[in-house]
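> Encoded as C-alpha cells, here's the structure I'll be asking about.
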Amino acid sequence: MPVSRFAVFGHPIAHSLSPRIHTEFGRQMGVALNYLAFDVAPDAFRVSLERFVAEGGCGANVTLPLKEAAFEVCTTLSARARRAGAVNTLSRVDGVWHGENTDGTGLVRNLTERHGLDLRGRRALLLGAGGAARGVAPALLDAGITEMVIVNRSPERADMLCDALGEPGRVSARYWGDLGDLGNFELIVNATSIGNTSDMRTFSLPRSLLDSMTAAVDLNYGSAAVPFLAWAHAVETRYVIDGLGMLVEQAAESFSLWHGRRPDTDPVYTVLHSEYGAPGRS
C-alpha cells in the first residue's frame with residue numbers, strides 16, 4: 001500500500017500534537033500515511049516547502065507563525081482562506097499549492113457541538129490579529145456573532161483585519177489600553193501567543209469584560225494556554241475552554257480535504273484531553 005506524505009510546519013513545533021492526531025485518524029480510517037513535523041522559521045518556509053514537495057509531500061498543515069506566509073505560496077485559494085488572508089492547510093493539486101483554512105470551522109464545531117454553546121447573538125472580543133485570529137474571525141461572524149471587537153498590541157494589524165473582514169457594521173478595532181472601557185462580552189477569544197511570554201502571576205484582563213454568560217476561549221492548548229485560562233478561572237468565568245478541541249476538529253477538516261472522508265474526532269479528543277487538556281468549565 002502506498003504511503004502518503006504529510007507534515008506540519010511551524011516555529012516552534014516540538015509541542016505539536018498534529019502528527020499524533022493525523023496518525024490516529026489514518027489508523028481509524030485505514031489510510032496509510034507518514035506525517036512529520038518541521039520546525040521552520042518564516043524566512044526559510046518557502047524553501048523548506050519546496051524540499052518537502054521534492055521528497056513526495058502532498059499536503060501540509062501550517063501553524064504559527066507561518067499561516068500568512070502559507071497564504072502567499074498558494075496558487076489557488078478557497079473562499080475561506082481568501083477571506084481570512086491566512087492558510088493552515090495546503091494541498092498539492094496539479095503541481096501547485098491550494099490553500100484552505102480549517103481553523104474557524106474547527107473552532108465553531110468545538111464550541112457548538114462539543115461544548116454546546118450557541119454563538120448566535122453574542123458580542124465577541126478577539127484578542128490578536130495575526131494568522132490565528134484571521135483564521136477564526138470569519139467563521140465566528142458566520143456563526144452569528146452580533147458584534148466583534150478586535151484588540152491587538154499593534155493596532156495597525158487590527159485595523160488591517162477589520163478591513164479584510166469587510167463588515168464595518170459588526171467589526172471594529174480598539175487599542176489594548178481600551179480594554180477596561182469596552183463593556184462586557186459573551187465570548188472572549190485569545191488568539192495571541194501571550195501564553196508563551198507570560199505566566200499566571202502576571203497575565204490579567206479587566207474583570208469588566210465579563211458578564212454572567214461569558215465563554216473564555218484560548219486557541220492555544222497545554223502550557224501556552226495556562227496564563228489566559230488561569231485568569232479566566234480566577235475571575236470565575238462561566239465557560240473556560242482551551243484550544244485542544246479546536247485542534248482536533250480542524251485536523252479532521254484537513255484530513256477530510258486530503259482523503260475525502262472525515263474521521264470521528266471524539267475518541268482522539270478524549271485521549272488527548274486526558275493527557276494535555278487544561279481544566280475547563282463548560
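Just so it is clear, glycine is given a Cβ too, placed from its N, Cα and C backbone atoms.
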> Which residue of ASP43, ASP103 does Swiss-Prot report at the same shikimate site as SER16, LEU17, SER18, THR63, ASN88?
ASP103
> Write down the one residue from GLY26, GLY243, GLY245 that Swiss-Prot lists together with GLY128, ALA129, GLY130, GLY131, ALA132 as binding NADP(+).
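The record-listed residue among the candidates is GLY243.
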> Setting SER16, LEU17, SER18, THR63, ASN88, ASP103 aside, what same-chain residues sit with their Cβ within 8 Å of the center of the Cβ atoms that define the shikimate site, listed in sequence order?
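Other same-chain residues near the shikimate site: VAL8, GLY10, ASN61, VAL62, LEU247, GLN250, ALA251.
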> With Cβ-Cβ distance below 8 Å and at least 6 positions apart along the chain, what are the contacts of ASN88 (shikimate binding site)? List them in sequence order.
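Non-local contacts for ASN88 (shikimate binding site): ASN61, VAL62, THR63, LYS67, ALA70, GLU100, ASN101, THR102, ASP103, GLY131, GLY135, GLN250, SER254.
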> If I take the alpha carbons of GLY128 (NADP(+) binding site) and SER16 (shikimate binding site), what is the distance between them in whole Å?
21
> Hey, which of the binding-site residues GLY130, GLY131, GLY243 is the loneliest by Cβ count within 10 Å?
GLY130
> Please identify which of THR63, LYS67, ASP103 has the densest Cβ environment, defined as other Cβ atoms within 10 Å, among these recorded positions.
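That would be ASP103, with the most Cβ atoms nearby.
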> Quick one: pull the CA-CA distance for ALA129 (NADP(+) binding site) versus SER16 (shikimate binding site), whole Å only.
22
